[in-house]
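Engineer: Sharing a structure here in structure tokens format.
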Amino acid sequence: MLIKEYISKIEEKFPPILQQSYDNSGIQIEGPNVELHNVLITLDVTEQAIERAIQTDAQMILSHHPIFFHPLKSIRSDNFIGRIVYAAIMNSLTVYSCHTNYDAAIGGLNDILARRLELKECRPLVKIDEYGNGIGRTGFVRKMPIEEFVNFVREKLEVDHVKFAPVGNVEIEKIAICSGSGGDFLKNAIDAGADLYITGDLSYHEISQAVQSGLSIIVVDHDETEKFFEDGMIEFSRDLGFKVTRYHERFYWTL
């Protein structure tokens, strides 16, 4: 399979039109349209990810987060983005990112989270179209005390630590989820009548606003809500006739 054929399959399943206005999903760096033998799948395109791609003879890097959110004025060796661009070009690597369109698409990141949390009657928190694509998800879980639910989330999302802001000692039944940064959709979670909102980023003031509005909060580290991108894209790519290498890199920890 050629690189452009693989990209076409990705875009058919996770259409770029679903991405949010600020996003820059798609080709970041275009290399030769060669036969694919190995794709490196990762959250972020770092110098270490580029190095790993070179070591494994990958022809392409598929990342969740784009390299470019803002225009570059120059490509310089004293800037990590410049070094990434230079190394990718010199090693004939194509770099492609699938970000908020993957979050929103049917079968994408928020659906993966919803399945892990065993959501019933699952639907988008914010609809994008009539087909089921949308930002975040909302639905029902098995009714349980809030402290039990926190442990349930830690187990299902495979995390050791979460931020937890409860509204009293309530039972949780309806929840909203949003992978990555969910502050922009806090009001949608409140309006949906959720008992609790799970996301990867909220500020102090957003958490305070939520609790005062009667919405309990669980904040999981940003990358901990997005690490399942790698699993999802490995599964998507499994039977396409080339090797897939996962590169998972953490650069901070909660102690």
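Keep in mind that glycine also has a Cβ here, set from the backbone N, Cα and C atoms.
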Engineer: Per TrEMBL, which of D103, D111, D160, D184 sits in the divalent metal cation 1 site along with H65, H222, E226?
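Structural biologist: For the divalent metal cation 1 site that includes H65, H222, E226, TrEMBL also lists D103.
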Engineer: Using a Cβ-Cβ cut-off under 8 angstroms and a sequence gap of six or more, which residues of the chain neighbour H64 (divalent metal cation 2 binding site)?
Structural biologist: T42, L43, D44, S97, C98, H99, Y102, E226, F229, E230
Engineer: Fewest other C-beta atoms within 10 angstroms of its own C-beta: which of the binding-site residues D103, E226 fits that?
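Structural biologist: Relative to the other binding-site residues in D103, E226, E226 has the fewest Cβ atoms within 10 Å.
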Engineer: For the recorded divalent metal cation 1 site, whose residues are H65, D103, H222, E226, find every other residue on that chain with a C-beta no more than 8 angstroms from the centre of their C-beta atoms, and list them by sequence position.
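Structural biologist: For the divalent metal cation 1 site, the extra neighbours are L43, H64, H99, L109, S179, G180, S181, G200, D223, T225, F229.
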Engineer: Counting Cβ neighbours within 10 Å across all chains shown, tell me which of the binding-site residues H65, H222 comes out on top.
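Structural biologist: Comparing the binding-site residues H65, H222, the most crowded Cβ belongs to H65.
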